[in-house]
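Student: Would you mind keeping the following structure in view while I ask a few things?
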Amino acid sequence: MSNLIYEAVNWNKPTSELAQIFWDQQWKQIWFPEEIAVSKDVKQWQNFEHQETYKKVFAGLTLLDTVQTNIGMNQIATYATDLQEKAVFTVFGAFEAIHAKSYSYIFTTLCTNSEIDELFEWVKKNEYLQYKANKIGDIYNAIEEGNQESLWKAMFSSVMLESLLFYSGFFYPLYLGGQGILRNSAEVISLILRDESIHGVAVGFFAQNLFKQFSNEKQDELKVWGYELLLDLYQNEMSYTDDVYAETGLSPDVKAYVRYNANKALMNVGFDAMFPEEEVNPIVMNGIRNEGSTYDFFSQKGSSYAKAKMAPITDDTFDFKNRI
Amino acid sequence: MKTYLKLNNDVLNRYNTTGQLELEKDREATRRYFLEYVNVRLRYFIDIEEKIRYLVEEGYYEKEFIELYDLEFIKHLYKKAYDYNFRFPSFMSASKFYDSYAMKSRDGEEILEKYEDRIVIIALYLAQGDTDLAERAVEAMMEAYQPATPTALNSGKKARGELVSCFKLSMDDSMNSIAENIGYCLELSRLGGGVGVNLTDLRPLGDPIKGILNRASGVIPVAKLLENSFSYSNQLGQRNGSGVVYLNIFHADIENFISSKKPNADDKIRLATLSTGIILPSIFFDLMKKDKDIVLFSPYDIHREYGKRMSEISISEMYYELLDNPRIRKIKRLNARKLYTEVKKAQFESGYPFEIFDDNVNEVHPLKNIGRVAMSNLCTEILQLQQKSIITDQDEPNEYGLDVSCNLGSIDIHEASKVEDFGRLVDTAMRLLTNVSQMTHIKNVPSVAKANRLMHSVGLGVMNLHGHLVTQGIMYGSKESVDFIDGFMEALNYYSLKSSMEIAKERGETFYQFDKSEYANGNYFESYINKEEKEFRPESIRALGNVPIITSAMWKELAEDVKKYGLFHSYRLAVAPTGSISYIRSCTASISPCTERVEVRDYADSRTIYPMPYLTNDNAHLYVEAYDVNAYDLIDLYAAAQKHVDQGISMTLYVTDAWTTEQLAKIYIYAWMRGIKSVYYVRQRLQTLEECVACQI
């Protein structure tokens, strides 16, 4: 038996700035795909013109969320040093698993079994998808115990994945949903997006804290590494977009959206934006509102779930001297 | 892609990114919507004669009401409506009208009605052959009056739903009554109604049945049965039915009832789709103030001992009597403050329960000598007395009491301040509502049909307060705004009473038991007659526009006329939350503040962006959003309006997630102290408004 000293996570003392806040926010917005009536999209789906693109977009997203669950958050949680941050990453990982499963839920609702099998085969064969999965997966797997630089690189990659790579896929359901097409699937995406935006901000924040500990020379070196990785992923993303969106004529719009999100990803890790500002389709932009405008009156779930802050009623509660 | 949607979405996107409004984009969206969507689908008719003939022959319009008028008159009425040169002021109003209200061909491809056509048909249909009223109806609706959705949508159509959609039922403590009322709920839900059911009189969990203790299952399983009934009877799958159940806070099942809406409640007791509301007598607040326990009772004991149901007595008056009576079981003691904290917790987590302040309602109830108001409806603005039906075994006839159906309409405050004759506008609205009530006969719910026949209740309300205040440069919640609504609602009350009196005089008929009402004995008018003439602030007077300030002399004269001729309507005023209808008219909802300067609404077919009416880059600061309005100021404003409303006002409170349960309790207590009768939802920021499902399409 080994003789290690195990330390218990102590939430009574904040050891990491904001860990509690990210934890609370993530749990506040818990959701499950089964709460959304994707079956209401079935009728529209049958006459939908670009089924192939739509399915591929979702299959691609499934792969990214799978990588993020199985490798990304797991690896980061393993090597992060702060116990509260570890807990936050583990929770994030659980949500990634919900996301990956929710695409399957949409497939099961809309597609036949053989179509689904074909799609998962396509994922294995698509060079651009495999390229980004490999690129990021390798960085995740390269984290070494005690090597902060490797951990930072993994966090950086995680932010690129969650704040940038997802968005070439998110574009399509948001674009369609805003026009009343396949609205319920879009609702699932908007819930995923709501989670991913916390993940991007949180992991980016922790990465920034880590980054500050490096020497200036190291920081410069990592910056170059970071921008190079981003450019590499960006080039691949452009090709992926052309490939998947070919029949729809939407490629230019998707690319603009990817650049917009690339800038946001860079800001999340504390780097300067690199693409000039440009106009993004307003319907897609309005789809990112985190307010959850399709509040479900009936299930009372979705974005309205909020925990009350308890405080006892006292004599002062009845005191309105200032008022009357 | 639909370019109008892109343009409409751009309004919000630009506003979010730059803070600047580009309303021309919304106007352009509206223009493109007509070019790309409406005009290409609009069926062309050579003239009005051909239009009417086609729509009647093809079975779109009922022919009976058309035949009450001659063609020349109908043509004249169309011309009158079209002469207003109506234009939809926003993309939201246009798309909402054409999506949901305009008559379309059966396959949905052709649009058969424009806005003016709908107005004319509503007018002809509701006027029932009275040409003078039909003319007035067109004027009123083109200017400042809007019937509620069920009336606006269904009038004149051959395949149509009911003209009213709001009901209240009262359940009795017997299996016959439970079963009968579930049947009513299925029926009313089928008709598209939203139904409120009072459960206060049912015996609680563990009470005796046939003298054997621990046999009764309590109110929650009944609530579950109702919930399932509403989801079954779902308008051909178009939407779920909707209902609310009410319970008195002194009822022994109250704790389960309060937790039933929590999202993490056990599935067996969780009410997922049914709304809940609680009835709070003033004694509850008194006990809470003194930090005392409250005692929970069983309606079974109360009925056995006093021969009255729990909902038929005033708990505030009877509380100590019930405590002292050894034959009334003290089922449970709970600390009032802790219980109320639980209520607040549930409200944070789910928005429910609604609250009805029992004594605030009943103390000023003009029909207090006839009966108590024991509950409210789905939107907490309907407050009318009911009488329990006795549902007997199948071999005996039932004795039907009184339940409630309500037909609603709203006056656009901004437009109303500009009409030449405010009294005439209110009178037209009252007459149209009266006709809706006369044309409604819910034959499968006899207690509702009976009450409608005897009571002639209507609910006239208002909307667009915030919009109007912005045009007048007045801040929502300011002293000027409170002054204004006080004056406006007093005038509305005055003219609605005057109209009801005139109608009673013309018809030689009053509502049932008028002679026992506070109107007949004059008590109702006392505070108005004895009032000190108030100095209105100049801003408020300007904002009132053509709406007259009512003097005590005017009240005195009216009181005498009412005494002499009676009133036709048992209830007249109720301010609904107004969802869709305020969008069509480009108004702000009800008397509430706007929730967002640029609002986002998701409808079945798309996301629509709605900049508040009259909003410009220069007046944006006046459009303070609901979450930024001081909650106490908001309550003061509602309290000023409530004084002049015989029923209720649907009042939503807005909080942020920084609030504690104690802060929330405090504003409710303040509302109770200020004489507010009911509180509808509590909303937190990041949550959007949903509207009364019964009024939704």
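Counting starts with 1 at the first residue shown.
Glycine residues also receive a Cβ, built from the backbone N, Cα and C atoms like all the rest.
Note that the structure is predicted; figures quoted are calculated from it, not measured.
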Student: Looking at TrEMBL, A:Glu96, A:Glu196, A:His199 are annotated for Fe cation 2. Which of A:Glu121, A:Glu127, A:Glu162, A:Glu228 sits in that same site?
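Tutor: Given A:Glu96, A:Glu196, A:His199 bind Fe cation 2 in TrEMBL, the matching entry from A:Glu121, A:Glu127, A:Glu162, A:Glu228 is A:Glu162.
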Student: Can you find which of A:Asp65, A:Asp82, A:Asp117 TrEMBL lists as binding Fe cation 1 at the same site as A:Glu96, A:His99?
Tutor: A:Asp65
Student: Which number gives the other C-beta atoms within 10 angstroms of the C-beta of A:His199 (Fe cation 2 binding site), all protein chains shown included?
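Tutor: Around the Cβ of A:His199 (Fe cation 2 binding site), 27 other Cβ atoms lie within 10 Å.
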Student: What is the number of other Cβ atoms found within 10 Å of the Cβ of A:Glu196 (Fe cation 2 binding site)?
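Tutor: A count of 24.
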Student: Counting only residues 6+ apart in the same chain, whose Cβ is under 8 Å from the Cβ of A:His99 (Fe cation 1 binding site)?
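Tutor: The answer is A:Asp65, A:Thr69, A:Ile192, A:Asp195, A:Glu196.
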Student: Restricting to the chain of A:Tyr103 (active site) and a gap of 6 or more, list residues whose Cβ falls under 8 Å of its Cβ, or answer none.
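Tutor: Spatial neighbours, sequence-distant, of A:Tyr103 (active site): A:Phe58, A:Ala59, A:Leu61, A:Thr62, A:Asp65.
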Student: What is the Cβ neighbour count of A:Glu96 (Fe cation 1 binding site) at a 10 Å cut-off, with all protein chains included?
Tutor: 25
Student: At a 10 A cut-off on CB-CB distances, which of the binding-site residues A:Asp65, A:Glu162 has the highest count?
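Tutor: Most Cβ neighbours within 10 Å: A:Glu162.
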Student: How big is the Cα-to-Cα gap, in Å, between A:Glu162 (Fe cation 2 binding site) and A:Glu96 (Fe cation 1 binding site)?
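Tutor: Cα to Cα, A:Glu162 (Fe cation 2 binding site) and A:Glu96 (Fe cation 1 binding site) are separated by 10 Å.
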Student: Using the alpha carbons only, what distance in Å do you get between A:His199 (Fe cation 2 binding site) and A:Glu96 (Fe cation 1 binding site) once rounded?
Tutor: 10
Student: Can you give me the residues near the recorded Fe cation 1 site, meaning same chain, not A:Asp65, A:Glu96, A:His99 themselves, Cβ no more than 8 Å from the center of the site's Cβ atoms?
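Tutor: Apart from A:Asp65, A:Glu96, A:His99, the close residues are A:Leu64, A:Thr66, A:Gln68, A:Thr69, A:Phe95, A:Ala97, A:Ile98, A:Ala100, A:Ile192.
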